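Under the heading transmembrane segment, TrEMBL lists 15-32, 58-79, 99-116, 128-147, 153-171, 183-203, 209-227, 234-261, 512-534, 548-571, 577-599, 611-631. For 296-364, 368-428, the entry in TrEMBL reads domain 'MIR'.
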Amino acid sequence: MLGFLQRPVVVTADINLNVVALTAVGLLSRLWRLSYPRAVVFDEVYYGQYISFYMKRIFFLDGSGPPLGHMLLALGGYLGGFDGNFLWNRIGAEYSSNVPVWSLRLLPALAGALSVPMAYQIVWELRFSHCAAMGAALLVLIENALITQARLMLLESVLIFFNLLAVLSYLKLCNSQKHGPFSLSWWFWLTLTGVACSCAVGIKYMGVFTYLLVLGVAAVHAWHLIGDRTLSNVCVLCHLLARAVALLVIPVIMYLLFFYVHLVLLCRSGPHDQIMSSAFQASLEGGLARITQGQPLEVAYGSQVTLRNVFGKPVPCWLHSHQNTYPMMHDVAAPLSPHSQEVSCYIDYNISMPAQNLWRLDIVNRESSTEVWKTILSEVRFVHVNTSAILKLSGAHLPDWGFRQLEVVGEKLSPGYHESMVWNVEEHRYGRSQEQKERELELHSPTQMDLSRNLSFMARFSELQWRMLTVRSDDSEHKYSSTPLDWVTLDTNIAYWLHPTTSAQIHLLGNIVIWVSASLATVVYALLLCWYLLRRRRSICDLPEDSWLRWVLAGALCAGGWAVNYLPFFLMEKTLFLYHYLPALTFQILLLPVVLQHISDHLCRSQLQRSLFSALVVAWYSCACHVFNTLRPLTYGDKSLSPGELRALRWKESWDILIRKHQ
């Protein structure tokens with residue numbers, strides 16, 4: 001039984017030196033002088049404040065995306081010993097000594113560096129040549145915009161990493177399917193595909209488009225599996241169940257896990273509390289919880305309460321009144337909402353309106369007919385008995401005579417349930433008079449409330465997710481904002497950082513040779529695909545079946561990856577910047593060497609044509625490297641540029657001026 005101890009344990013491994021070399025140069029290009037500049041660069045001012053909140057465990061709300069990306073950046077700060085004490089209020093501000101700049105920028109840089117060998121592996125797993133795979137990796141390596149974005153405390157490089165990891169894992173799964181389905185490696189790549197997809201969505205909502213792309217390709221492959229008569233019904237069912245669990249169930253569980261960790265970490269009251277409901281606020285340490293802790297749970301006749309509107313838009317609103325009167329008095333249209341009725345509190349100035357004082361209370365979220373009105377937990381409507389009008393927050397601001405506060409009206413024609421008609425009690429106490437003390441005795445020791453135990457994780461998750469999706473973002477124009485059409489032609493750039501005393505600067509500026517060539521490759525692929533489809537419809541097969549399937553899969557993942565990460569921006573009503581195009585660009589770059597190899601293998605008829613085409617490709621790569629080197633000072637910002645050098649780098653601006661002169 002112990003015979004195996006008599007022989008040495010030998011472990012063999014296949015090491016692809018291309019991957020090792022690409023990883024090394026990727027790390028060098030992204031990590032070199034990573035802590036320079038030691039100043040806040042562009043959107044670092046935006047992400048940095050959230051990192052500080054994590055360090056201090058203060059709750060915040062960010063509508064730009066799920067919390068995974070912020071938590072990963074905060075992890076870098078935690079590992080670097082950051083205490084969160086820095087005022088993130090100005091781009092270009094020098095970091096204080098307690099800010100671990102290198103650690104905060106490390107994770108995006110590692111993600112950007114690892115994207116280089118992953119580009120190689122994706123093209124290789126698509127069954128194209130090592131030369132094409134090396135070409136794809138080289139293009140990702142020397143693309144200036146990708147380098148700039150990866151060297152800062154930003155999330156685009158992390159999103160690109162998980163996008164590529166999802167595609168690579170799925171390709172590994174497809175190739176292992178041919179040799180050993182349900183093997184250990186098969187399960188590993190299938191599970192990793194689901195995990196990578198969930199992480200992509202967890203970084204930014206844009207990750208959902210890559211997730212849907214992978215799901216679509218997986219659905220097509222599953223459809224082919226169903227039609228494979230060599231597989232038994234049980235085997236097909238196992239394949240479908242395995243894919244459903246890995247690509248649907250695991251991502252959902254992971255997504256919930258991201259929010260669970262997020263809410264566990266951020267347990268203290270913060271500046272964004274008022275956006276959330278009263279129940280959510282009361283579950284946080286400090287803030288509203290300090291006021292509501294220990295107050296009676298059940299609201300009764302004679303209770304003194306504060307009422308907050310559940311809608312909370314455009315700003316949180318509490319029901320209150322002033323001694324000042326409206327310009328006209330009662331039974332008239334509301335001043336700013338003529339379709340609704342004016343609502344007013346009044347003291348009886350010899351006016352008798354007893355019928356107008358009565359309101360009926362409806363508990364909207366009542367679970368049973370015996371449920372009573374509860375502090376914070378109950379959502380209620382106030383229905384005017386005489387007119388059936390519902391007390392509603394209109395959202396309009398009153399004029400100066402109304403102190404610019406939000407208008408509250410009586411909605412006569414109720415379109416149905418809306419949060420603007422719903423209120424909840426925040427602060428609650430029983431009266432202090434002798435009569436109220438007797439009332440308290442009647443209630444036999446009223447229940448004291450503890451919202452931290454009453455509000456479940458799913459309730460907090462649901463509310464937080466809804467607020468993130470509906471919170472109004474700042475859609476104002478920005479100096480460096482751009483349109484999706486500007487991205488394809490690289491007709492824009494962003495000045496990220498300027499040295500305060502020298503002319504050193506960092507710009508988000510792409511490698512024009514790579515950008516234009518990638519766009520042309522996409523057009524060429526689309527034209528060739530249409531040509532092949534038309535000819536195959538006529539039963540003319542220009543490509544062998546293996547080459548055709550490889551060509552289609554490459555287009556589905558690379559051209560499809562570009563399309564799903566680019567075209568949705570035409571439908572978005574938000575301020576857009578050049579960096580939004582980088583995930584789409586990465587997929588487009590992967591397509592470029594695929595198209596070049598296809599032209600060389602299938603369209604060049606003779607050896608001479610292939611040689612000439614190869615020479616052109618080498619020359620083109622040399623031009624791309626030259627542009628990278630030319631733009632390098634603006635990518636790393638480590639060189640002070642003379643006025644002449646700056647003018648030389650503004651070639652497009654000079655070209656536009658020259659064209660206008662000749663028109």
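Cβ coordinates are placed from backbone N, Cα and C, and glycine is handled just like the others.
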The domain 'MIR' (368-428), counted residue by residue under DSSP: helix, strand, coil: 6 helix, 26 strand, 29 coil
Chain residues in Cβ proximity to the transmembrane segment (577-599) (below 8 Å; excluding those fewer than six residues from its ends, i.e. six or more beyond): 115, 119, 122-123, 126, 128-129, 131-133, 135-136, 139-140, 143, 145-146, 149, 154, 156, 159-160, 163-164, 206, 210, 478, 480-482, 484, 486-488, 492-494, 508, 510, 514-515, 517-519, 521-522, 524-525, 528, 551, 554-555, 557-563, 565-566, 569, 613, 617
Best-contacting stretch, by C-beta pairs under 8 Å, relative to the transmembrane segment (15-32) and drawn from 58-79, 99-116, 153-171, 209-227, 234-261: 99-116
Two-stretch contact, the transmembrane segment (58-79) and the transmembrane segment (153-171), at least three Cβ pairs under 8 Å: yes
Intrachain residues whose Cβ lies under 8 Å of the transmembrane segment (512-534), provided they are six or more past its termini: 139, 142-143, 488-490, 542-543, 548, 551-552, 555, 559, 562, 585, 588-589, 591-592, 594-596, 598-599, 620, 623-624, 627
Stretch of maximal Cβ-Cβ contact with the transmembrane segment (234-261) [cut-off: under 8 Å; candidates 153-171, 209-227, 548-571]: 209-227
Across the domain 'MIR' (368-428), average pLDDT on the 0 to 100 scale: 81
Same-chain residues at least 6 beyond the ends of the transmembrane segment (153-171) whose Cβ lies under 8 Å from its Cβ atoms: 41, 43-44, 47-48, 51, 65, 69, 72-73, 104-105, 107-109, 111-112, 114-115, 118-119, 121-122, 125-126, 146, 189-190, 192-193, 196-197, 199-200, 203-204, 206-207, 210-211, 214, 217-218, 557, 561, 565, 579, 582-583, 586-587
Sequence-remote partners of the transmembrane segment (209-227) [C-beta within less than 8 Å, at least six residues beyond its ends]: 163, 166-167, 170, 174, 193, 197-198, 200-201, 236, 239-240, 243, 247, 251, 553, 556-557, 560-561, 564-565, 568, 583
